[in-house]
Structure formats: C-alpha cells, structure tokens
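K.L.:
Encoded as structure tokens, here's the structure I'll be asking about.
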Amino acid sequence: MDILGGAPRVLGYPRPVTTQCGTDATLRCQIGGDPRPDVIWERKNVQISSEGRYKLAEEGKVYLLTIMGVTQQDAGQYICKARNNIGETYAAASLKVDGEPLLQNEEVMQSAVNGDRQSKKAYEEVGGYLNGYTAAVNGVSEKETNKEQRWNSKLNEKLEEVDLTSSDRPRFLIKPLSLRVDRGEDAAFSCKIWGTPLPEVNWEKDGKKLNDIFESSHFSVSNQDGGWFQLKLYGTRTPDRGVYTCKAVNCHGEALAGAVLLVEPIPERDESKRSSSGHDGSQRSPKHRGGRLGLSRLTEEPPVNTAKVKKFVVTEGKHAKFRCFVTGKPKPEIIWKKDGAPLEPDRRHLIFEDREGYYTLKVLYCKVQDTGLYVCAASNALGNTLSAVHLSVKPTVRFRRPLKDVEVKERDVAVLECEVPDETIPAAWYLEDQRLMPGSKYGMEQKGTRRRLTIHDVGTDDDGVYLCEMPDGGKSIAELSVKTIVRKLPRKLEVVEGENAAFCVEVDNDDMDVYWFKDGLKLHETHQTILKSFGKTHILVFVNVAHHDSGGVTFVAGRSKTSSRLKVKSRHCPPICPVDVKMDVDRPNSALLTWEPAPSSQTTTRSIFVLERQEVGSQEWLKCFTSETATSAEITGDSVPCEGNYRFRVCCINKFGRSGHVEFPKAVHLVPGPKILHNLQGCDVVEGEDAHFAIELSVPMVGTWFLNSLQLKHGGRYSIQHNQTKHSLVIHEAKTADDTAEITFIANGVRDSAALKVKVKFAPLSESDCRKKVETGDAIVLYCEVSHPFAQVSWCKDGKELQETDGLTVQSDGTMRRIVIQSADASHSGVYTCETSGDVVKFNVDVEFKDGCEIHPSDNITLQAEGTMRRLIIRSAETSDAGSYTCQAGSNGMEFTVNVKPPVMIVEPKDDVVMESYVSEEINLQCKLSRSNGKTQWFKDGQQVKESDNVQLISEGPYRRLTIFCSSVDDSGEYVCETDGDSVFFQLTVTPPVRIISPSEPEVELTFVASERLELSCEISQADAPVRWYKDSLEVERGPNLILEEDGAKRQLVIPLTTVEDTGEYICDTENDSVAFPPITLTRPEDTPERLESFVGKPIVLEIEVSRPTAEVKWLLNGKEIKESSNITITEDEIIRRLTINFPSVEDSGKYTCDAIDDKIDFQVKVSPPMKILRKSEIKKDLKFLVSDDIVLECELSRANGKAKWYKDGCRIDGDERFCEEEEGAFRSLVILNAELGDSGEYFLDVDDDSISFQVTVQPPVTIVGNSYDPDYQEMMVGDDLILACELSRASAPVQWYCNNKLLTSDSRTCIETYGTLRKLIISCIQPSDSGKYVCDAVDDKMISMIRIQPRVVEFLTELHNTTVLEGEDATFKCVVSPEDVHLAWLMDNEQITLGDRFQATQNGLCHTLVIKKCQILDSSKITAEAEGKTSRASLKVQAQVMFTKRMEAVTAEEFGEATLETEISLETGEVQWMRQGVVIQSGSRHTLAQNGCKRSLTIYNLTLLDRGTYRCETLHDRTQVKLNVERKISIRKGLTDQETFERETASFEVELSHTDVEGIWQKDGIRVKPNNQFRVSTNGLVHGLTLSNLTLEDTGTIVFSAEGARTTARLTVKTPVSILKPLTDVRVEEELPATLECEFSRQNLEVRWFKNGAELKPGKNCRIYSMGRKRFCQILQCGRADSGFYKCDTGEINTSCSLEVYHELEIVQDLEDLYIQEDQNAVFMCEVSLEDVSGEWYKDGHKIRPSSTTKIRTETKHFLLMCNIKAEDAGEIRFVSRDVESTAYLEVELPVSIVKPLRDRTALEKHRVILECTVSSPHSGATWYKGKQELASSDRMEITADGCTHKLVIHQVAVEDEGAYSIEVGEHTSKAKLMVEQALMMVTELKDVEVAEPEPASFQCEVSVAINKPPVWTLNGVTLHPGPSVRLDSHGTVHKLTLRDTNVDMSGTVKFTLGKAKSSATL
C-alpha cells in the first residue's frame, strides 16, 4: 500500500554553486508532486520574496532562485521547501562566494591537515594505523582495539616480506575495519592498497554512490602517500549505518573490500552534553558546521490529522504492507510508530527499504491488537515529515479461547492451546505458512472444544508464529519465543548479484563462542566476507555477492544455532552495446552496415538490435532498422526521405533497458528514389461530369496514364498535366462505359491505380412533371430522361416494382424512359419511382374527380378560335395565374398546368455600394435576393470570382456573401453580384492603416511639475496621414501656450509653460490608432466605504486604487500628513495604496485623505470603545439540566444599548414559543422552556466586540447502553474470575448488583468498581456456589446475566518419569499439567518438599519442573507431583560410584602357561565383573577370581592361543581393560608368488608353514576371504591353499596370507578388454539443484577423464569427480544455466556421453496462440510449461474460468482449455496462470460471413486485363473461385488475391475463350457474374465526305470488323450526338449509320465515329 500518494519528491537535488563576488548566482531544485506543490525558498528560517536582488522563477518542475550581484554576506545555505496537501519535502543548496580570502576556513583546514598527520604518525609508531582513528571515538573496546593493533602490526611485518612487484593488479594490504560509533560522532574507514599504476578508488554505501545519498558536507574522501585511502563521515546519523565498500581499479584489474558501520542511538541528555563540549576536541571537516544535530532535534514532528488519515482494513491472520516514499538530502532517518510508540523489527514486523527506494513496514499474520495508527516519520537536518495510515484488523470467527504467546527454553516442551466454538470443528496447525503434521516432533490433541499442539525438544528453528485455523478460515495466532538467541536470522534472504548480503544476530551473553557456517563450512574473514562482533551483536556480510554465493548460512552460539537461506538472483542488466561495427560504401547509392553482438552479452534475454540514422547537420536520430538476430543491414537511397549525407549508429535493447550507441565510422551520400507522396484516389462521378485524378511524387519525372491498360494521350476527352512532382488526369464527360474502369499511373519504378465509378443520373424534372393530377378515365404518362441511352431502370409504385400489363406500358426510347397507364382510376394514385443504380426520381400521382371554373375573356385574358385550333392567352402573367387549366370539348378535355415564377431580384442593397478597408482586415460583401433558390455570380473587374483559401462564397437562405479573410491592396476593385434579372455593384478600396509606431504602449504616464516645458510626441506609419490631439476627450486648439508640430512622420504637442490647469489626459489620434497620456486618478475599491466605524483595538484598513503602479500618494489626517509608525503601516501593492491603523484608539477618529496631486479621496473614520461582557469569569458556562426543566442563560453588557445575538451550535436562534430572548437594561438572557434532549449543545452570545459560550447538556433517563433485555448466559470454570460490566448513559447514575436476588457488596472476593459510565462487578476465584442469576439494577434499566460454574478439569498431559542419577549429579523431573494456573505441589516420599537452594521448582506455561541439586544416596525416594487432587509419581534412584584407581597394563605369556590380570578399585566392598568378548568369566578349573582389599585379580591356567585377546573388568560406574598376548613362533617356509591370468580362468595360491594346526587368514585387498563358490580355502598339514575360480576384472588385487605374525603377499592380475556396462544418460534438472552423471565400465582400476563441450572438467567447489568400483561419477552440486551442455567420460579407449539441461523453476515452454474461429465451432487453447504436475488456472477477461458443460479443462503433459459451441460473447482475452508465470492469447469469434458487394458483369477487350471483385463481411473468410463448375487456381495469366474483405480475380491478356459465367463461393454464399470478351475492332469501311443543301438530310455509314453490343460515339465538330428529332442513329451488326435531318449551314464540319479503338471521320 502506497501511503504517501503524490507527496512532493525531490527529482533533482540542488548542486553547490560557487561564484565570483558581484556576479549573479542561480540555485536550482527540481521537485515533482501531485497536486503541484507550493515551493518557497528560505535562508536562516526567513522566507525569500521575489523582489530586490532576489528573483524566483519556475521552468516546468525546476524552481530557480537567482541572486543578483552576490556579496560575501550571501554565502551560506539556502533551503527549498515544497508542500502540498499530501506531504512535504526539503532540499538544501549551498552558495559559495569567491573574491575575498576566508582566513578562518584556511586556518581550520590547516589545523585539520596537521591533526591528521600527527594522528597518523602516532599510530605508525605503535605499529598499526587502525583506520586513522582512535578507539575511543569509534566506540570499540580497548580489548578489541589492542587485538586489531596486534593483527595490523603482524600484517605489516608480513607485508614487508612480500614482493610487491609480483603483480600489478590492485590488492588490499590493509582492508577497512568495521566500526561502531554513537550517533553524532565522526567515523573513518582507512585502507592500504597496492597496485601499479596507483589504482583509482571509489567508495559506496549499500551499493549506492555516496554523492547520491549524502550531501557533500557530510563526508570527505582522501588519500595519502604509501597507498593509504580514507573515507570520513562527519556527525554520523542513524541512516549512515550499513555496509561500506571500497573498490580499487587500475588497468590490470580491480579489488573490492568492505566494512560495516553501526550507529548507536544515544539519550537526549547525552546529546546535549556532547553538543556543548563533546565536539570541541574532535577533528572536523572544513565543510562541517556545528548545530546540525541540534537543528534535527528542534524541528518538531508535525501533528497527525486523524480525520484525514487513510484507512486500511485487513482480515485477522493476513499480512499488511505499508510503503512510504521519502526523499531528502541528507538521507532521512525513518522511524515507524504504532499509536505513538516506536516499532522495532521482530518476527511479525519487518522494516526495510526496498530496491525502489520505498521505506516499507510489513506486519505479518495480523492480530486484532495490531489495530492502530501507524506513522512513518522521516527527519533529517533540514526538517521532518510524516505520513500515517490507520490499520483495522477485522476478526474472523471467534475462538472461545484464543492462543496465547509462549516463551520457552531450548530443548524444553512447548504447549499451545485454544478452544474452538464447537467440539466437532477440526483444526489445522501451521508454523507461519508451513502446515504441521503429527509425529514425534509435534503432538496434536483434540479434547472436547480444546485443541492442543505440543512441541517436543524445542529448538531455535521452532521460534516463530503459529496459527490454529478452522475450516471456515477462522484463525488464532500466537508467537513461540525460544530463549536462546535474542535476534535470529531471517528464514530466507534474497539479494541481487552485485549487492551486499548482510546477516545480523544478537545473543544474550557477550562472552559466548560464536561461529558462522556456510553450506556446512566454517567461514573466515576475507576482503569480501566481513565477520564482526560488537558485544552481543554479531554481523556477517558477503560483499558484492555472486550467484555461487547462494546456500545455507548458519550461526552457532554455544549449543544454539539459527539458520537462513541465502538466494542470489541474477541481475537484470541492460544489454551490452554491439562491437566490431563496419560500413561498406562501395555499393552504388547504398551502404552495407555490419556489427557483432558483445561477447559477454546475455543469451537468455531476448534483445533487439536497433539501427538509427542522422542526416549530417541535423540533431535528430531516426530509427531505420530493427532485428533480433541479423547483424547486418543494407541501407539504400530509397529508404531516406531526401538526398544528403547520412551517419548511422547501432545499439541493443532488451526489456531491462538500452545499451550505449556505437556510431559507424563515416557518413554516406544517399539519394532517394521516387516515392508516392499522395496516392491516386478513386473517383465517383455522374455520367457527363469530368473525372479528376491526381498523384504527387517525391521527385520530378515523366509518367504515363492508362485506362484499363490502354495508354492515354493528351487531347480530346483526356487532359494530362505535369507540374514538377504533380501529375493530373482529367477525363471529360465521363460515360457509363467508363464505370469501374481502372486508372493506372506508371513512372520510373512507381505504379499506382484507382477506380473510376460513373453513375447514371436522371435529368432534372420540373415540379409539374413530378406532381400529376388527372381525372378518372384520363391517361397517365410519366417520363424521365437518363444520362445514357442504354441505362437500365426499374419502375415502382409505393415501393413495389411494376410489371407490364394490358393497361400499363413501359417504354424506352433513346435516353427517354416512359410509363403509360391508359385509363386512370382511383387505385392509380400514389408515389411512382424510376430507379437506376445511382439515382432515383419520384412522381406523385393524384387521380381525382374535378369540376373546373369556366374562364371568361377580360383585359388580361383572350380566347381565340382559328379553324380547329382553340387558344387561351394570358397577358402579363402573375403568380396568381398559376394553376391547372382544362380545355373541355364535349366529353373530351385537355389539361394544362401553368407555373408562374417571379424573376430573381436583389432586395438589398438597393443602390451601389462604395467601401473602404485596410490591409489584413476581413471584408464581407453581401446582398439579399428575392428568392432563396436564386442563383448568383460574383465578378471582380469583369472576371468571375472563384473560391480559394482566402476567398469564400457563402449562400445562406436569400443571402449571398463574398468574404475576403485577409485583404490586401490587390483586392481593391469593382465587385458585381449578378442574378438572371438584376445586379448590384460594390466599389472596394483597400488601403494600408495608419499606425502609431512610437510610443509602442497604448498609454504613457507622465508627471510634470508646474512651470516646466511639456512635450508630447508620437511617430506614425505614414508621413502624410493627419492626426488629431485631444485633451480630456476635447480636441485641442492651437495657441501661444499650445503648439502642434509636424516633422515628417513625427507629430508633437508642446506646452512651453505648464500650469496646474494643463493636467489631464492627452490623446494623439490617427484614423486607425491612438495613444493616450493619462493623469493620475484615484479610485475607491468597491469593498471600501467612504465612512468607516470601528472599535478600539480593531485594525482599520483604508485602500485606494491609483491609475498607475508608480504613482506617489500622501495620507493626511484632518489635513496633517501621516507618517509611518508602529501603529501606522503604509504599504504599496501594484496599483493598491493601503493605510493600516493596527491598534486604533478614539483619538484616531477623523477625516483621512489620500492625495495623489492630480486627485484625492477622503475617508471619514469613527473609532468607538468596544462592547464587553461584564464579569465573564464569574459566569458558569458548563450547565446541566434534566428533560422538561427550564433553561436560563444570562449575562450583563458594558452598554445598555448593545445588540446581542444568540446562536446554538453555530446557527442563529429565532424566537418562538419555547425560545425567548429577553433584554432588561444591560442584561441579556435566553430562556428555553420545557427542555428537550435536542436542546443540548453549545449556545453562543455575540455582542460584536465580545462573546461568550455556554455548554448546555440536557440529560435523559438513565439507561444501560446496548442492553438487549435478554439474559446473557455464560459458562465458566471453577477458579476463573467473573467479570460483569455495563455502560450507563450517565456517569453519575448509581447502580446495585444482585446475585440470586441478594444484594452484593464489596468483600475479599467481590469487587464493585465505577469508571465514568462503566460499572464493573468482579468475583475472584469463583466456585459452583456462585452460579445463578446476576442483576445490574440502574433504577430505570436492568441487565441480567445467567452464570453457570463448571467444575475445574485438571489433567497431566505428560507424566513424571523414573530417574536414576549418580551421587553428586542433579536430578530433573518434568510434567505438563493443564490448565496453566493449576496449583501444583511437589512431594518426596509423600512429604511436602521445602524449596530452597537444593530443591528448585519452576513453571513455564503448562510445564512444571523440579530440580534436585547434587543428589545424595539418601535422596533415593518416590517423587510425587500433586495438582488439585490429581497426582503423578516417579522414582529417584541415587547410586554410589565405584571407580578404578589403578589401570591394567598388557600381559604377555607363553602358550600352555598361566597369566594373572590385576586391578584396583576405590571401594573395598565394590563389586566387579570380568568379561571377555562380552561373556562374563566365572571361577572354574581354568579361571580363578580373587580379591584382596581394594585389589581384584583374574588368573588363567593352561593358556592356549584361543585365550589371547582383550579382557575387561567393570563396575557399575567404571571399567578398565587389558590385553593378553599368548605367544607362539610361526614361520613361513614357502611364500606366495605373483600371478597373471585372464577373465573366467582359475588362479591358485599355496603357503607352507612351520607348524601344523595353525589357523591362517587369507585376505584380498585387505578384506578377509570367506569360502564360497568362487573362493575355496584348503589346509593340508603344513600347506594352506586358496583357489579363485571364474575370475573377473574386479578380482585383480593383492592376496595376503597371515598366521600368528607370519605374513606373505602376492599380486593377482586379471586382464580383460574394457567395455561400457552402463552408459551416461541425458539429465534434465531444475536450476540450483544438484545433478549427478553416472556411468559404469567393465574394469575398476580404470583412469577416466571428464569433458564438457570439449573442454576437460576438473574437480572444484561446485564440481565433484569420483569413482565407486567400476562406476564413475561427475556431480554438480548446485546447477546453473551455464552448466547446461554436452558431457563426456573418456577412458582413452572408449567413451560415453550425454547432455545436461538445466531449466528454470517454471517457464512457459509453449505460449498460448490467438484463435480466430467462427460461431458454434470449438476453441482449443494449449499451453506447455517447463515442469510437469504443475497446476494452473485459466482466466477470461480477468475472471476465473470454471469447468462446465461447454468448458473443459484438462492437464496432461500440457494444459488444455476446450470451449465448445463458441458464441460472439465468448470473444476476449484468455490467460493461463501457473505459479508466477502466465501466457495470454485472444479469442476472436467470426460471425457468419456474408457477401457485402457481389460480383458485377464485365466486358473486356481481347488481350486486355479484367478484374472481377467481390467484398465480404469478414477479412478472415476463405473464398473459392469458379468458372462454370470448374474451380480456378492462380496461374501466370490468372491471379487470385485477397486484401482484407476484398477478393479479386485478375485475368491478364483476356482471350475469347475466357468468356463465360464466373462465381465466387464464400462460406454458404455464392455470387455470380458474366464476363464478355470483345475482339479488337478495325474499320472495314471508312466514313465518306457528304455534301448536301439545307435542309436536306445527310447520311454517314461505316462498317467495323466485329459486331459488339456497345453503342458507338458519333460527334459533330466535337459535340457528341444523341438520338432525337433531328438525329437518328442506326446499328445493324457491324454496320453503323448516322442520319442528320433539317441540316443547315452551321452544321458544316467534321463528323467522327468512335467505337473502342475503331475510329473514322468525314466532312459534312
């Protein structure tokens, strides 16, 4: 949990600044925080403001303090403080000013240097340098110091003998020593280093550089002659403790050594003494200044606002973790507190700083008592801060009796006991996270509701947190403390390679012998292993750990030990930069770049090479190539954006960071090839419109345009333009034949295509044509004109398609489309539509019955009849004449629809407009039309105006507007807005504006003294432009005292002699600009009244606003100027002038004036004496009333006319029937009638200048808080204490306690207590008679408890055991008795034992112990332990000791003689036993046992060789032994001889002795030979034989025969070819575990060699090579990833090999893969991990997947997830998690595919390309193409492509046989289209010239080679001809004919015929 949030953090600490006197200095501090913090700078606890020489600024997160013109007084320390509502931080910056000598500092520095030299000299005289510091300063005992001095002295003597020139690598001659100092003392580490050249030395603390964690004044690093180096810390602080390492490096290598610093806290009083006197004699750094420790103490810890503290809730038994990020320099000291008390680390409280810099507190296995406020307090020398969090531990299911903490001694018995709610509930026991199982170590019992854990033979490793857990998760927690080692090792310590691993233990005795072990080997101190003891504290540090340092660490102190597991993790380092970079530039317009990965780069981490380029002269590097494996890249000119010289660099990136960049040695010139900057875009046009295509390339070049593979040339319908890099094509009058045509542009290496789509449009129809009204029986004719004669249309009525019937005819004539209904009826009314693929036209038909009004002739209407013609003429038609006209003749009639439209007129403006404007202004020309749909055109100087970026033409309803956004002089001219019937002119003139150049400010403030000359001047942009001068808004007039001057562009107003009347605001005004010279004016702020009334002592503030910040004012009181004093403060703040009377009195009343020469403002101030409440101290303010009482609050004022206001809890009281406010003279009172509980609260009387508060409490009837009114039933045990408690609603209320209706009073067993509202009844040591009903009577309320007392159960868990001891030894009796508070008595032979020096009884929990010291014979007895009627008995037996006082010596005797063995014992009556080979010897014919006083003897007669051996004499307490030798001289006459034989042969050996009947012993290789099938032993008189049959290679060895001192040997050699009996097998092992490689050969004595990857293996720390018989072994004790490889065991003649694979703990071997499937299919996900039998979990979108009918989870060697019948909602993220690894994939569900855009029929020319295209709904669907029923596949001529959702079939070089029906099948859907192939056209018969006389018809005819279903194009003089009354077009197969009717002279010209590529022309 991150409890600091967005507290301010110092991102970059200020660096010390040194500058010269008189220059400017800038201090910088970079601070971040959310919300953004407020930052201030301080010096000497005074805040610095941004004024004068100080300037404060911000640059993003960087805060700057600039001091201008620094002096020596500015030198010192500056503090930058940052604070927001979450926290605060500090940082210090120092400023040093050079320029004057600092004599004092120089003297201090000189004395310090001299002191160092004298100190060093003194130590060299005694033989040891001792870190350059005294033992007293470092806090090391004199004994330890003397040891180190002697050690250093001896070391120096040895070093004198060493040849220092033997190696130039650095090495430590004297390493730094570990130190322990008190806080505030100085500490110094010194070391002596050898190396040539002299090494460079760096000091670090805990792996961090000192500059990163310490301010520069806190430490110093120095070196002296002789290779001495020193690190000195000044005024040590608690955070300074840690491991300090010294690293020495030169060109030959490096060396490392470390030391530990402990900083001990000291009491405050000791600190104060030291601060005053303790430092005087100590050596100080010249940078150090006193008072740093004092400053740290003076800064108080800021208070904690508990209301804003974050809340954190955790369940009992869980862990709680708090993280706090604190920054500061010096590094802050961190103290964690709980409820104000400091926390110390222990088993359940871990306090540490993690690798991210967070200070962390971890509370393990939380208990309810851990609830509280936890505070992380941080402080350093510059300040402090804190952050807090409240932890609430939520209890789980309650135990009837929880576990209690237990403390035992080592090897004792520990018992943990609790009670669960029900006896049927099982319980599990845990030692922290390890479940315990019953056995010899742990005893687990269940008796009723009791659960007991007994731990036998308690050791240090049993120390820890124990949990008893119920199945529902309820836990009870207790700690077991083993009293041996006070502070133990952690169970596990994990560090990263290169860090320090530190172990610290604390014992209870500082005289103990202690040892450290690692993996069973005792540790000794080296340069990288630090062993240090400080009294009871012992430290082990491994410096700069490596992976092989992992293992078990054990600390042993006496008979106690504690262990830990050290695990060194691999450091995740960024990659190493590549090497061996080369550039090959011999290739044209390209460069080949090569590099190699670093030799030591990691191969296990995935990394990427990144190649970047930079154009010479640019600062930006751009990525141009990435690869995981490639180590070369070719960069061509096409890959760069523009021509230029380019540099390149390469680096390596992995997930842990980026390596450094390596730049290639030279630059290369590259020229880019052509690229497409702007691609062709598809074009949709209506037939007859122009189609525009454009493309832009990166370089100018010539290109070619193609239409469906036909090259286009400029001219006719095609306009081709080329302008630099831009190419454009315009196809004029696009035709439907061009629909879906492919437009292609090809240039040098560049190709791009786009599609042309031509839509068929209807010609616009008039409204009368669209709205048809017909009468019943009339014919309905609907017609429209399409843009192409071959356009297909469909007719619909009300959305339904119409089909031809008898009464309905559909007609098509050229471009005309018509529908005719012969006889209309009512059913024919409706909406008719004519639709094409790209357009639709609607007709509204209304069939009605109608009687029209007859029209009569008039002035405006004429009716004419000429023959059969009838005519109606309407003159001067008006809009009212519009309508339907019918000519009726008998039963026949004809209808005419007349629409009369008025002409479009310009309504506004009525007249022409003349406009003037200035350059860059926006110009709007606007006119209003009489009709909104009227069309207009804009012209400028006769040229039509077109829209552009600067010109916009807008049409909004009837308004037409021309807007010029930024006008220029060129925009001047005559503009015309023209309609069909009207126009309006705009004459526009654009001129540059007249501007005032100087002064540049719009207002210039001037102040002049009367009689001075006044000159006001300004400079304008145009010399001839007029200006006007104004004074106070009135234009000035020239005069003798006011002169206006002009000098070119300069204008001046001069007043030679100014007077007070000349004061005012002057303005210099041009037509477009002005500048003002205003006077000073005063303004009264809105919140400052003219009259102010105040009281004595209440500050008065008068404020005015001046017109400019520099204005000067004077303050006057009654006409007399006011001067600033202690009571008067005059301030200026920008334009505010403020007068403050801090402590006004009555004399300060009067008229105050603020005078600013040009203006003044008056204030009338009245100061009245304040109103007071009299005798406030005598008024009782804390009042208590009962419900329904009357409440009266009263006080007296100092004035009778004072106004009073009453408030309750901050709200104004309004009088009503219960609340009455009364006034009587100077008395004010508030009366509250019939008080209620709600009337309690704070009542406040406000009398303006004074106030008083009353705390009123209205008390309710006494009640028992939380009383349930149901009896509370409790069961208790005899001997327990009964405690009953209740809380009352009022503290003063009395109660009475009853037991079985009997009043209880306090006595020896009964205690009745009262604490505020709490009432308690305590009955000690309850008995069964105390059972019954208990009542707490509180008058108005009662609480009842039913108590049942159960008899006490006492039992012996562990009985006493019989004990036998020797006289003088101690006897110990132990038993375990439950319960813990049982009274136990010890008896000896049924008599009470009196405890004393010899008899000692102790109790530890349930364990009771009796120790009898120095037992005597008389102490033998029966020992009894009696516990409340239960007993346990055991016997004590004390034995006297019989010891041997004389030991026996060896006895030698002759065969057949006798021998006497004699010894002496300490007691004459003592009994002894003689024994031989474990058999007791009894007196007999050959053995005599005798005793004489203390002597005991054994005599053996008639000795034989069988009697020789060892004889033992024993008492009960001692024993002695003697060796008896029986001599017989045996010699060998014929000895053994060496033999060589082969396998499966037989070998025989014979020996001849000098005696018969001599037992001989045969041995082979030191082992006695026992007769069997292979070994046969024989004896024949003097000859002894051994025969070995069926020999094997293992039988080779040494044969020995021995007989009573005679011995002979021989060598048996068995030869055989070597063979492999058991080869090596491949091994796969987990990292950090051992691995054993084993093989077996046919011979034992065989030399082998082991190899790994071809290199010979040698035994080492991690590698053991050994043999056992014929087997050969290679064992790797702790496998690492580097141990993987190919291993071989070689005998020289034969070998065997295997592979060793070391794998990680758990890795993903095969990741999940994304799936894209269709609905209702099954989805299977598979993941493989590196370990078998590992469980895993599956998640979908973060939710755990559980098996169901449609979801199956299976684990074999791999993990499978099967999801059946997938639906769309199943799509999402699928994640597999196993331990700490996971794999993720995505499931996408494809909906059923459908065809969005089907195939369309296509017609193609022979030998051209054609494309069939289809669009489907899904990009992942497959498609199959068919021609007819034959499936198509890609070939050289036929190309099948899929681009997303678009599928294409491209046929190149189309042939006639390609014609046919094509189809595409997508899923269940099919789309079909026809392909028509037209043969290439040629003209067979050309057109011929024709000459006719008008109006005769003219005919043209031609013939082409192929008849195609496509109309030709006929043009006359470039104009396309269409069928009509005067034009007739005929086509008959291959013959095409054009007939022109009604010819005239104007039709003379060229007639052209075009059909595809066939063209012909003739002259008409």
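Glycine is treated like the rest: Cβ placed from N, Cα and C.
Since the structure is predicted, the reported quantities are computational estimates derived from the model, not experimental observations.
Annotations for this protein, taken from TrEMBL, read as follows:
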DOMAIN    8-98  domain 'Ig-like'
DOMAIN    170-250  domain 'Ig-like'
REGION    268-300  region 'Disordered'
DOMAIN    302-392  domain 'Ig-like'
DOMAIN    395-481  domain 'Ig-like'
DOMAIN    577-673  domain 'Fibronectin type-III'
DOMAIN    902-991  domain 'Ig-like'
DOMAIN    992-1083  domain 'Ig-like'
DOMAIN    1085-1168  domain 'Ig-like'
DOMAIN    1169-1257  domain 'Ig-like'
DOMAIN    1260-1338  domain 'Ig-like'
DOMAIN    1351-1531  domain 'Ig-like'
DOMAIN    1617-1701  domain 'Ig-like'
DOMAIN    1792-1876  domain 'Ig-like'
K.L.:
What is the number of residues in the domain 'Ig-like' (1792-1876) that are helix, strand and coil, as DSSP sees it?
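P.N.:
So the domain 'Ig-like' (1792-1876) is made up of 3 helix, 47 strand, 35 coil.
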K.L.:
Count the Cβ pairs between the domain 'Ig-like' (395-481) and the domain 'Ig-like' (902-991) that lie under 8 angstroms and are 6 or more residues apart in sequence, then report whether there are at least 3.
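P.N.:
Taking Cβ pairs at least 6 residues apart, the domain 'Ig-like' (902-991) and the domain 'Ig-like' (395-481) are not in contact, as fewer than 3 fall under 8 Å.
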K.L.:
What mean pLDDT does the predicted model reach across the domain 'Ig-like' (395-481)?
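P.N.:
Averaging the confidence scores along the domain 'Ig-like' (395-481) gives 86.
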K.L.:
What are the helix, strand and coil residue counts for the domain 'Ig-like' (302-392) according to DSSP?
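P.N.:
Tallied per class, the domain 'Ig-like' (302-392) gives 6 helix, 50 strand, 35 coil.
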K.L.:
Which residue counts does DSSP yield for the domain 'Ig-like' (170-250) in the helix, strand and coil classes, in that order?
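P.N.:
The counts are 10 helix, 45 strand, 26 coil.
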K.L.:
Using DSSP, tally how many residues of the domain 'Ig-like' (1260-1338) sit in helix, strand and coil.
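P.N.:
Summed by class, the stretch gives 3 helix, 38 strand, 38 coil.
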K.L.:
Taking DSSP states H, G and I as helix and E and B as strand, how many residues of the domain 'Ig-like' (1085-1168) are helix, strand and coil?
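P.N.:
The counts are 3 helix, 45 strand, 36 coil.
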K.L.:
Within the domain 'Ig-like' (1617-1701), how many residues are helix, strand or coil going by DSSP?
P.N.:
3 helix, 45 strand, 37 coil
